[in-house]
């Protein structure tokens, strides 16, 4: 009835977006289960993959429950903004995991690991499909900070910082080399600032630019890849950090340029 505090909305499960969310919940659970049956691996990449599948599965299921019970209509924030932002973040995380997991943890005879890798790609496809569906809504329906370009960039900056932290070795956190200490400080400080959504874009872009130059300079100086270096080689992680730093420089620079353009456009009106 209309007077009930909590109702039931079957459309949350039967509309295309709802069906995609049900599929995403099942697929991420399958990935987690397949990898869990293989056994624990002491690697930050393995932990990141497991966290991603658990995180996506839990929040997708939570979104389904909140929409099915119509509790989402009573929440004090733009629901469409939140769900669109989550779908974008989940698709990014699943994309990263779909590349990382098969790169480090599969082999020709590792059938469950290969299965998890294939299913993870389907997870990425489902979340990307949800993003496409929600972005195709009529103009004026999408509102809120997280689904705007600056909001998306903030999520991307934080996500890339998470990948950098995953790739850092404990010895690098305790390094006595000033250059590497500076880089770790940049990654840590910028990660905290991004979560707090503080407007510090120009400073962060410049800081990341210095890290982009200093990190490979100190990390690869007289440090060639060892000949017997296989999967999960510490040297490969240095390469991952280098590329993630470059990508974050680009994102911070674009974020800064967009913010400046926004300020000038508003001031000229």
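Cβ atoms are placed via backbone N, Cα and C, with glycine included.
What TrEMBL lists as domain 'MARVEL' is 12-139. Marked as transmembrane segment by TrEMBL: 18-38, 45-66, 86-107, 114-133, 145-165, 186-218, 238-254.
Counting Cβ pairs closer than 8 Å to the transmembrane segment (18-38), the top stretch among 86-107, 145-165, 238-254 is 86-107. Distant neighbours of the transmembrane segment (86-107): 24, 28, 35, 41, 43, 45-46, 48-49, 52-53, 55-56, 59-60, 63, 113-114, 116-117, 120-121, 123-124, 127-128, 130-131, 134, 147, 152, 155-156, 159, 163, 231-232; these residues of the same chain sit at least 6 beyond its ends, with a Cβ under 8 Å from one of its Cβ atoms. With helix defined as DSSP H, G or I and strand as E or B, the domain 'MARVEL' (12-139) counts 107 helix, 0 strand, 21 coil. If you look at the transmembrane segment (145-165), the same-chain residues 6 or more away from its ends with a CB under 8 A from one of its CBs are 48, 80-82, 84-85, 88-89, 92-93, 96, 187, 190-191, 194-195, 197, 204, 240-241, 244-245, 247-248, 251-252, 254-255, 258-259, 262.
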